[in-house]
Amino acid sequence: MSQPFSIAIHGGAGTILKQQMSAELKASILHDLEASVRAGHQVLISGGDALDAVVAAVKVLEDSPNFNAGKGSVMTNKEIIEMDASVMHGKEGAAGAIAAVRHIKNPIELARDVMKKSNHVLLIGEGAEEFAFKNGYSYTEQDYFYTDRRYEQLQSMKEKGLFALSESKYPDDNKYGTVGAVALDQQGNLAAATSTGGVTNKQYGRVGDSSIIGAGTVAENGNVAVSTTGMGEFFIRKMVAGDVAARMRYLKEDVHIASETVIQGELKSMGGEGGLIAIDSAGDIHFAMNSSGMYRASIDVDGQISVKIYADE
Ligand code: ASP
C-alpha cells in the first residue's frame with residue numbers, strides 16, 4: 001500500500017451568524033472551500049509535494065473575494081491593504097514568509113519563493129516586493145484587492161474606535177478570514193501554508209501571526225503540520241502552531257489532544273478567539289476552534305471530502 005495522503009484547509013474562524021447567512025453566500029463559500037481542497041488534493045493524487053498542494057489550495061482562496069486573503073483582504077487604518085503569508089515544509093524545516101506586502105496578487109506564492117529562492121525566512125514591505133519583482137512577479141494595483149464590503153467594515157470599525165472585528169450587515173464580520181492549508185503527501189512530507197489581509201483597521205505596518213513561523217504556521221515531518229486563524233496578537237504570544245508541535249513531540253500527545261489543549265486552554269482564557277487545522281504524519285486531521293465557526297474542508301486518507309462552517313456541525 002502506498003503512503004497515505006490527505007489535506008485540510010480553513011477560511012478563518014470566529015463568530016459566524018447563521019441567521020444572517022443567505023443561502024446564496026453560503027453556497028458561494030462552500031463552493032470555494034471545496035474548490036480549494038480539491039485543488040490541493042489533485043496535487044497529492046498526482047504524487048506532488050505537500051508544499052505545492054498547500055500553495056495550490058491557498059491560492060484558490062486568495063483569488064476569491066469571500067475570504068480575508070489576496071482579493072477581499074481587510075483594510076488597514078490608512079485604507080490600504082497589506083498582506084501577510086507564510087509556508088513551511090516539514091522535510092528540512094525550510095520556511096518562507098512575507099509581511100505587509102501591498103501589490104502581490106498571491107502572497108502565498110511569494111512566501112514559497114522566499115523559502116526557495118532567498119537566503120532568508122521573512123521579508124517585509126518594500127524589500128519583499130522588490131524581491132518579488134526581481135523574480136518575475138507583476139505589480140498588482142491596490143484596486144484589485146479592494147471590495148466594498150471591506151471598505152464598509154473599516155468605516156464601521158473606525159466609528160467605534162476598534163480594530164479587528166466589527167458588527168455589521170455581513171454574517172461573518174465577527175470572523176477572522178485568514179486562509180490556510182496543511183497536507184501530507186505520498187512521500188511522507190508534511191507542509192503548511194497561511195495567508196491573510198490581517199485584521200480590519202490595523203495600524204499599517206502591523207504584522208500578525210500568519211507571517212510568523214511557529215505562531216501561524218508550522219510543519220515537521222514525522223510530527224505535524226499546523227495553520228492557525230484568529231487574533232494574531234494572542235496567537236503570536238501563545239506560539240500556537242509551535243505549541244501544538246511541541247506537545248506532540250515531547251509529550252507524545254496525539255494531534256487531537258494537542259490541538260484541543262492549545263486552542264481551548266490558556267489561549268482562550270486570555271481572550272484569543274480562533275482556531276487551527278492540523279494534520280499528523282499518518283494523515284489524521286484535526287480542526288480545533290474556540291469560536292462558533294470556522295470555514296473548513298478536508299479530504300482524508302480514504303478520499304472522503306468534508307466541507308463545514310459551524311462548530312456544531
Ligand atoms: N490571524 C490573522 C491575523 O491576526 C487574522 C485571521 O486569522 O483572520 O492577522
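Cβ coordinates come from backbone N, Cα and C, glycine included.
Automatic prediction, not curation, is the source of TrEMBL annotations.
Annotated features in TrEMBL:
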type	residues	note
ACT_SITE	Thr178	active site, nucleophile
BINDING	Arg206, Val207, Gly208, Asp209, Thr229, Gly230, Met231, Gly232	substrate binding site
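Sequence features annotated in TrEMBL and their locations in the structure.
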{"residue": "Thr178", "record": "active site, nucleophile", "Cβ contacts under 8 Å, 6 or more apart": "His10, Gly11, Gly12, Phe67, Asn68, Ala69, Thr194, Ser195, Thr196, Ser210, Gly216, Thr228, Thr229"}
{"residue": "Arg206", "record": "substrate binding site", "Cβ contacts under 8 Å, 6 or more apart": "Thr76, Glu82, Ala100, Gly198, Val199"}
{"residue": "Val207", "record": "substrate binding site", "Cβ contacts under 8 Å, 6 or more apart": "Asp84, Ala99, Ala100, Ile124, Gly198, Gly232"}
{"residue": "Gly208", "record": "substrate binding site", "Cβ contacts under 8 Å, 6 or more apart": "Asp84, Thr196, Gly198, Val199, Lys202, Gly216, Gly232, Glu233, Phe235, Ile236"}
{"residue": "Asp209", "record": "substrate binding site", "Cβ contacts under 8 Å, 6 or more apart": "Ala215, Gly216, Thr228, Gly230, Gly232, Phe235, Ile236, Val240"}
Helix, strand or coil by DSSP: which one applies to Val207 (substrate binding site)? coil
Please go through the binding-site residues Arg206, Val207, Asp209 one by one and keep those whose C-beta falls under 6 A from any atom of ligand 1; give the result in sequence order. Asp209
With H, G and I counted as helix, E and B as strand and the rest as coil, say where DSSP puts Gly232 (substrate binding site). helix
Whole number in angstrom, please: the longest C-alpha to C-alpha distance across Arg206, Val207, Gly208, Asp209, Thr229, Gly230, Met231, Gly232 for substrate. 16
Can you tell which of the binding-site residues (Thr229, Gly230) has the fewest other C-beta atoms within 10 angstroms of its C-beta? Gly230
So, three-state DSSP: helix, strand or coil for Thr178 (active site, nucleophile)? coil
Would you count the other CB atoms within 10 A of the CB of Gly232 (substrate binding site), including those on all shown protein chains? 29
How many other Cβ atoms sit within 10 Å of the Cβ of Met231 (substrate binding site)? 20
